């Protein structure tokens, strides 16, 4: 028996990572604490997504508000203006849906996890969770008898291995003494007695080692059964968590997936209908009747001189006022066409930004920058030393001598309020004074 002994067996036995090793149940216990932390992680995850949904919804709202104003003030008109505006309506409605997503995530999903976590994990006064302590105590109790046997086994194995080592050393010394002349017979006998004693120690320690190993083998089935029972209890607890969180994730998916939301689908169905409702021919007819050859015209006629009427008219007096329904000679059809276009709802921002026709008059009284006698003896802009700074939204080329010209982004000074015809007085940074369409600028 001793002759087969190998010194390599004296090296400490490598411990395995098996669940059955003493103390390796702690990973299963730790999983309970991890489950509580994972609930917190999921709630934080949902809360961050809710913030994103809220921010995105607000961005859509701000974007829609800004562009709706720009479209209303811009030159686009007619049914295409309404179709373009439908994009802004879509943004407002989608913003509301994303706010609903945010509310569902916080009020339903997050609260659901929070309540389940509170019911599943019970904190102790001394710290930790009741469920963790129960699992720890269960495993420790199940492993205690087997761990005690394993300790005895380790001691018996160590004693046996040490005896084998002593035996081998004694045999080596005894063999070497036979070749040495200096060793006396008495010394030779002592070395032989040492070998015999070591062999007896090896026999005793081996028998004890085998007996303890046999006892461990007898207790192993009961040990495995007890450990398995506690482990299954932990598995059942973990199964509840896994199933619950899967349900929550499906709820989150349902709330996030707007593609399956009937309201979301309806938004884009309405948007498509609004865009397809744009009619180029209708818009062209409307423009023809309001700003083209279809407009009414007070064609020149012979007029008798009337001493009771002023000889000149101002710029505003020369403009036809559609809203007042003025009947003009030879323009009945055009007026009716204009009225019909209005009935169809083709009210456009273009009306508000349309430059007015050039007067057919050489009289200087029609020019606000003309002689002092015609304009009450003073330039109407000279008293406006102060004003409001504005920025041009679009390019505008003055059509008349008294109109300003500027490019989009240019800044100028507004010197008066908008008149009933949609014009404002202003001053360029160069010092030039004149009129400009009020809806072509925005306050800075």
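Even glycines carry a Cβ here, placed using N, Cα and C.
Feature region 'Disordered', per Swiss-Prot, maps to range 175-194 of the set 135-154, 155-174, 175-194, 195-214. Residue 184 (phosphothreonine): 9 other CB atoms within 10 A of its CB, across all protein chains. Around the Cβ of residue 430 (phosphoserine), a 10 Å sphere holds 7 further Cβ atoms from the protein chains shown. Put simply, of the modified residues 79, 184, 394, the one whose Cα is nearest the Cα of residue 405 (phosphoserine) is 394. DSSP assigns residue 394 (phosphotyrosine) to coil in the three-state reduction, placing it in neither a helix nor a strand.
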